[in-house]
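If you check TrEMBL, you get these features:
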{"type": "DOMAIN", "residues": "62-331", "note": "domain 'CSC1/OSCA1-like 7TM region'"}
{"type": "TRANSMEM", "residues": "70-89", "note": "transmembrane segment"}
{"type": "TRANSMEM", "residues": "109-133", "note": "transmembrane segment"}
{"type": "TRANSMEM", "residues": "260-285", "note": "transmembrane segment"}
{"type": "TRANSMEM", "residues": "306-332", "note": "transmembrane segment"}
{"type": "TRANSMEM", "residues": "338-355", "note": "transmembrane segment"}
Amino acid sequence: RSRDPDVAHYGFVTFTSLASAASAAQSKHLEKGFKVGMASEPRDYVWTQLEEISQETIQARRAGTRCTSAAVLLLWTFPVGFVQVIAQVDALVELLPFLKPIFEFNTLLTNLVSGLLPVVALSILLSLVPAIYGNLALRAGKLTRSSVALAVFEKYSIHAIVHGFIITTISGSLLQAVADIGQNPLSIFSLLGKSIPIQARFFIGFVTLRALTGVVGRLLQLGGLVFGIFKAQIAQTEKEKKGAFDPGPVDFQRDWSDDILVWTICIAYATIQPMVCIMGIVYFMHNYAVSAYRIIFMHKIDYETSGMFCIGVVNRVLVGLLISQITIIGVLSAGEGFIKAISVVPLLFITYWYMGYHKSTYQDILERRILPQISAGYLDSQRPRRKVIDVLSRRYHQQIWKPPVVSVDLQNPLANPQPAFVYITDPTEKANNAASAAADTEEQEASDWKEGVVGGLGGSGRHNKGALARFRSNVVVRDGLDKEKKRKKRPLFTPAPLIRQTTSANLLDASRQGLREVVHLMWNDEGDIHPDPDSIMEVKEKMGMILNSRAVDKEEDEIETHRKP
C-alpha cells in the first residue's frame, strides 16, 4: 500500500446463497495472505479503518494497545486512591482551611459531603475510561463498530470492577495490601473479608446515587441537550438542525459495564449488608424501565453483534459471583468459621468450570458467524430465487463497491480479466460525462451483461448490472488496480445493507502485475470445486443462472426497471 495508495487491504464478495457464502468463508483459497471470513453489515463498518489499517501492522498495533490497556488498568489505581483520600471532610479542611468554619457550623452539610463526595468523585473517574478504551480499540485495528463496542465493554467492565470495587475497598492500605498479597496470595481472602464490611456505608451511597441519579441521567441526557442547543445555533442547513438533538445509538458498553459493577457490589454484600441489595433492586427496577424506553423510543441501533454482548455479560456476571464467593470465604475466615469457609470453596471451582463451559459452547460459534452447511442449504431452499433477485436489485441501488475495475468472462473464468465498463451513477459525474455516456452502444451493454463484474477501489460504482453479474457468479478477488487505467483516489466503500451474504477478503498480497486474479468457486452437491468451464456451466444451469445476451427473461425485466440509466 505504501507504494500504491490506490490499493486497499480488504475487499468484499457477494453471493446469492447462504450455502455458497458459508462454504467460501470456511475454505482455504490461497496458501498465504488471503484471510476470508463472514462480513458484518455494511452499516457496521468503520470505513476509514479499511483504508488505513494494513495486515502488516495489525499485530504490532494489537500488542501496543494491550500494553497500553494494562498500563491504564494499573496506573489508574493512583488517581482512584488519591481521590478516595482527599474526598474526605478532614482532608478537605486541611487542603482548604476556609471550609473549616462552614463544616463546623453546618453538621448536615458535613454529613452530606462526607457521604456523597467520594461517590461522585469515583463516578467521574470511571466515566473517563470508556473513551480511552474506545480510542485504543480503533488503534488496535478494529474494523467494525460492534467489535469496538465489544472491546470497550470487555476492558471497561473489568476496569470498573477492579477500581470501582476492589481498589476502593482497600485504598486505605493499598501498598501494604499489594505487598502482603505478593508474599502470600491466599491473604486476598482475609484482606477482602476485613476490608469489605468496613466499606459498606460507602457502597450503599454509591448504589443509591446510581439508582436515583445515574439511571435518570441516561434518560435526561443533559450533556446531549447542551451540545444539541449549541449545534442547533451554528447549524447552516435544515438537516443539521434536525440532527442536532439526535441522541445517537445506545451506549451499551458503558451502560452494561455500570450495571455489572452494581451487580458485583450487590452480590458481594448480600450476606454482609443486605441494605446494599435493597438499593440494588431499586437501581435495576429503574434501569429496566429507562432502558426499555430508550431503546424503543429514543435511540437507534447502529450495528448487530450477533449475540456476542450476551457472552460478555454472562462472563462478567460470573466474575462478580466469584468475587462474592471469595468475599464470603474471607469474612468467614476472619470470624474463625473455617469449616463454613471450606464448604464454600467447591462453589469457586463449580463457577469457574461453568465459565469455561459457557465460553466453549457459545462463544466460538457466535464469533465465527458462519451457518452450518445443512442449515444454510435449508434456508436457501425456503427462499424463492425470484425474491432474492428482487431484494438484491433494490438493495444495490446503494453502492457497496466503488468502482467495478475488472470484468471477467463467465464462459472462460481463467482468462485474463479486462478493464470493466464503467457506469456513472454519481449525478455530478454523470453530467460531466454525458457525452461519453451517450456514445455507449447497445452491443457493449449486451456483452457487459454477460460478464461477472467485480467491485474494486475508488471511482464510480455500478448498480444493478454489476449486482446481477456479481450474484450470478461466486468469485474470490485478489490483486490490485489496472496500472494503465489509474483513477483518482476516492472513499473506499459506501455501505449497502446486505446482511450475512458477504465475505470479507484481505487483499494484502496484491500482485504488481496490474491485473486481478479471479478464482471461481463453484460447488457440486458433494462440495467439490469445479474450475473447468464445462463444470461451471453445468452448475449454473442447475441454479438457473445462465445469462442470455439480450433475450432477458421476465425476472431480468424486473431488474431492468430498477436499474438507473
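Just so it is clear, glycine is given a Cβ too, placed from its N, Cα and C backbone atoms.
Long-range neighbours of the transmembrane segment (306-332) within the same chain, counting only residues 6 or more positions beyond its ends whose Cβ lies under 8 Å from a Cβ of the stretch, are 146, 149-150, 153-154, 157-158, 161, 165-166, 188-194, 196-197, 252, 256-257, 260, 263-264, 267-268, 270-272, 338, 340-341, 344-345, 347-348, 351-352, 354-355, 358-359, 362-363, 366-367, 369.
Here the transmembrane segment (338-355) has Cβ contacts under 8 Å with residues 189, 315, 318-319, 321-322, 325-326, 328-329, 332 of the same chain, all six or more residues outside its ends. Note on the transmembrane segment (109-133): residues 69, 72, 76, 79-80, 83-84, 87-89, 92, 102-103, 151-152, 155-156, 159-160, 163-164, 168, 201-202, 205-206, 209-210, 214, 251, 253-254, 257-258 of its chain, located 6 or more positions outside it, place their CB under 8 angstroms from a CB of the stretch. When averaged over the domain 'CSC1/OSCA1-like 7TM region' (62-331), pLDDT in the model lands at 83.
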